[in-house]
Amino acid sequence: MARKKIALVGSGNIGGTLAHLIGLKELGDVVLFDVVEGVPQGKGLDIQESTPVEGVDVRYTGANDYAAIKGADVVIVTAGVARKPGMSRDDLVGINLKVMKAVGEGIRANCPDAFVICITNPLDVMVWALQHFSGVPANRIVGMAGVLDSARFRTFLAEEFNVSVEDVTAFVLGGHGDTMVPLVRYSTVAGIPLPDLVKMGWTTQERLDAIVQRTRDGGAEIVNLLKTGSAFYAPAASAVAMAESYLKDKKRVMPVATLVKGGTYGQPDDVFVGVPVVLGEGGVERVVEINLDAAEQAAFNKSADAVRGLVTVAKGLIG
Ligand code: TXD
């Protein structure tokens, strides 16, 4: 069986980390693409030279021409500009919309059957734009944010309870950004929901509220520390988990930015926003519609409306 081909459009901090992790997991051969000459080639060669040490058989190629992504099974898109301190994710719309046009056309021409994972910010509206420009069916294109946001939530919860991160599950819904909706009552330690853990005296409501807020601000916390860029290790790990679920048909249940159809999740019309889905060989095989209470539904609506607002801005820019 031929190896899978994974194209990474954008070879910056996340792109390079993706390339490394994909190699360590032997998920397939990797094509690194970027507009900057030399960077994808250099990162590809550097990681290639680590493969004998790691004992993995993966072929790396670096390219500045979209022809190199021809026939890719998976495309992971990080191309664009990242946030600097003081910038919100939304400040990036205009710049990254143009990038999504170029990337979408490259996918349309070279690998229209690929499973596409978008990471570029502002996430939910960029997934909309990439689908618009690439023509990839909605079940084959997703945005990575929820896996990262819930990984941050799980990290902080595991620290709070002094238990293994493996035994903490967490759910984060909604758009990637300040309106994300961490779902406390669907988050557990070994199956025990967080509200029960408060009753059991493992933590207090105040501490839990602070953890929820830290999760919402998780991206900014890293931006403020790094000063010259945004998070890349955890975002790359999150996207690789999504690609792996698709490539190995694991059918994992993961929160991703996907097309939520009007009539589901209380939405009046279609919108790309984060909800749990089953990810398998069919891409998004199922959208898991969970019950939301009034407060959760209101928070989700606010988040979806924020995405709609940005899509309207993007449509205006496209003309
Ligand atoms: O949860 C999430 N979705 C995110 C998203 C978490 C963290 C960061 N998130 C966003 O991912 C971030 O705001 C950025 O929009 C992307 C990529 O982040 P990264 O940290 O990898 O940014 P870099 O290091 O600046 O890399 C971007 C690369 C860089 O090498 C540019 O030369 C390249 O993108 N680039 C392009 N590649 C191809 N085609 C075009 N047009 C292009 N323009 C820039």
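Any Cβ shown, glycine's included, is placed from N, Cα and C.
The model shown is predicted, which means the values in this text are computed figures rather than measured ones.
Under the heading active site, proton acceptor, TrEMBL lists H176. In the three-state DSSP reading, H176 (active site, proton acceptor) counts as coil. Sequence-distant neighbours of H176 (active site, proton acceptor) (same chain, six or more apart, CB under 8 Å from its CB) are R89, N121, P122, L123, D124, G143, A145, G146, L148, D149, A257, G274, listed in sequence order.
Reduced to three states, the DSSP call for I119 (NAD(+) binding site) is coil. The local packing around I119 (NAD(+) binding site), expressed as other Cβ atoms within 10 Å of its Cβ over all shown chains, amounts to 29. The NAD(+) binding site annotation in TrEMBL covers G10, S11, G12, N13, I14, G15, D34, N96, I119, T120, N121.
Remark: R83 (substrate binding site) has R89, D91, L92, N121, G219, V223, S230 as non-local neighbours, by Cβ distance under 8 Å and separation of at least 6 in sequence. Residues annotated as substrate binding site in TrEMBL: R83, R89, N121, R152.
Break the domain 'Lactate/malate dehydrogenase N-terminal' (5-143) down by DSSP state and the numbers are 67 helix, 25 strand, 47 coil. Positions annotated as domain 'Lactate/malate dehydrogenase N-terminal' by TrEMBL: 5-143.
Marked as domain 'Lactate/malate dehydrogenase C-terminal' by TrEMBL: 148-306.
Looking at the residues that bind substrate per the record, R83, R89, N121, R152, the two CA atoms farthest apart are separated by 19 Å. The average per-residue pLDDT of the prediction over the domain 'Lactate/malate dehydrogenase C-terminal' (148-306) is 96, rounded to a whole number. Note on proximity: of the binding-site residues G12, D34, I119, the one nearest R152 (substrate binding site) is I119, by Cα distance. Following the DSSP three-state reduction, the secondary structure of R152 (substrate binding site) is helix.
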